[in-house]
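*Asks:* To start, I am sharing the structure in question, which I have written as structure tokens.
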Amino acid sequence: MGAADNNAAPRQGQQPDGARGRAPAPEQREVKVVVMDEPPPAVSRLQAQRPVAPLQVTTQAPPPPMSVASGGEDPPPPAAAYPPLMQQTPPQPLASLNSRVYTNQITLCLFLLQLAAAGLAVGFFVYRAVKDIVQDPRSRNARREQSLLRQWLPPVEGAVALSIVLAFAWQKAVRAWPRAMVTVILWSAFGVTLAVGSLLMCFSMPATVGLGVALVVFSIGTGLYACWVTRRVGFTARVFKKAVQPVDKFRGLNGPAYLMVAAGFVWISVWCVAVIGAVNFRFPGLTILALVVSLAWTAEVMRNVANLTASRVIALYYLRGMQSSVQFSFQRALSYNLGSACLGSLFVPTIEALRILARGLNLLEGEDEFMFSCAHCCLNVMNAVFEFGNSWAFVHIAAYGRGFVQASRSTWNQFEGQPGMPALADADITSSVCFLTGVTSGALCVALAGSWTFVTHKHYTATVSLMAFYVGYLMTRIGMALPQACVGCYYVCYAENPRSRLFEDSPIGERLNKMKEDGQDAVGVAPTPRFPHQHVSAA
């Protein structure tokens, strides 16, 4: 016992004053009730993390009295049984999945104005063509339009119908045999374009020979590309196989793609008649060029609408384990996210084409330091621009309702958060495979429409062949939006949550681990060979 105990307790054999003649009081014990205050209402949401201690009853001896004379002080209050709740960090809220903000509204307005103008122009030219044929069938314009309707329109419409069949066939084949179709598509593009180019050259007309030479040159480039990416084919095939597996879990997921293909067929059919009416209008070359550009933008928006629909369904399955409604996702793609689809349809093909061109220039290095330094500069610029506009953005646009630029930056930042992921995503050849399916379908449409026209009216062969290739390519790209969206979701969702049970045996994780262990690049092959500089010794 301390000094306070000695002062308060009587010495042995003595009694304090005022206590003589009394019996010694028995030792007393008191019951102390400790009531823990409930946390304030503001932090009631944290009770599940740190529950409030219940009412406690303890029995203990009273503390010895402290006398002021002995220098004692009042004991400090007991410490809190738990740290202050206000110091705890609340959990971060999840990103909203049901944003009701119209993204990229300026681009949306521009597209709607363009679509309205194109609709008015198409309606005007169709009305003009029909009016000339009905009212004055013997006029020069009417005879020319009748000739185009009989000789030009049927082969083009046949090519459009063939492109629809090919679009559905490519999508079904990729979903059924994903691993084999990557190799088939690469080498089919080479063989088909070479054969069709040779066929056009055999027609022995200047225009068809020019188109045939262009296809032959493209086929040679495709063959070299297929040889260059041979060691990437196995990894891409494995990713394709994993990425398209969730499609069977959602009934009708390919419905929006089929609906966009049907809408594209109707629009292109009417558009072809409008082109016939525009032939006799003022400045027919510029008018038809404007119609071609409008069709390209509209078809690309249709493809990206199907892409956004599939991306939302697949992304929410990977990120939240949700069974999303395909109809609801399609409605969001046509309303809130349509502006982002319009902006992405303008910039993604342009940025990717310029980036490929800059990469091609950087594969060669020569003595002209100025030219190749400009090529290096252009490549760096395009790589910087790529972070603000890329095809991976459609996943975050669909899932979180972000704008195109914001979604591009957020997806690329997630890639940069995973070591090796930017290089792996940059080396992906899925977009090239989907592009080559469109080229192959376009070449097959050229074979059909060009042969048909050459037999009936050979002087239209080049024009019909060019138009058939254009519409065949566009229709197939719309149909291939579903598998491309699945692969994009697989990459982006893995970068966002690589520890998900859905990615336990992911080929992406295996490749990243192998890259980390072996110190290899993204594709596991040596860097692209370059021609060395020719150093000239100074005189």
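Quick reminder: no glycine exception, Cβ is built from N, Cα and C everywhere.
Annotations for this protein, taken from TrEMBL, read as follows:
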REGION    1-90  region 'Disordered'
TRANSMEM  106-127  transmembrane segment
TRANSMEM  152-170  transmembrane segment
TRANSMEM  182-201  transmembrane segment
TRANSMEM  207-228  transmembrane segment
TRANSMEM  257-277  transmembrane segment
TRANSMEM  283-302  transmembrane segment
TRANSMEM  433-455  transmembrane segment
TRANSMEM  467-493  transmembrane segment
*Asks:* Apart from its near flanks, which chain residues at least 6 from the ends of the transmembrane segment (152-170) lie with a Cβ under 8 angstroms of it?
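*Replies:* For the transmembrane segment (152-170), the sequence-distant neighbours (Cβ-Cβ under 8 Å, at least 6 residues beyond its ends) are 185, 258, 261, 265, 268-269, 272-273, 276, 437, 440-442, 444-446, 448-450, 452-453, 456, 460, 463-464, 467-468, 471-476, 478-480.
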*Asks:* Using a threshold of three or more Cβ pairs below 8 Å, and leaving out pairs closer than 6 in sequence, do the transmembrane segment (467-493) and the transmembrane segment (182-201) count as in contact?
*Replies:* no
*Asks:* Can the transmembrane segment (207-228) be said to touch the transmembrane segment (467-493) if we require at least 3 CB pairs below 8 Å and skip pairs under 6 apart in sequence?
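*Replies:* Answer no, regions not in contact.
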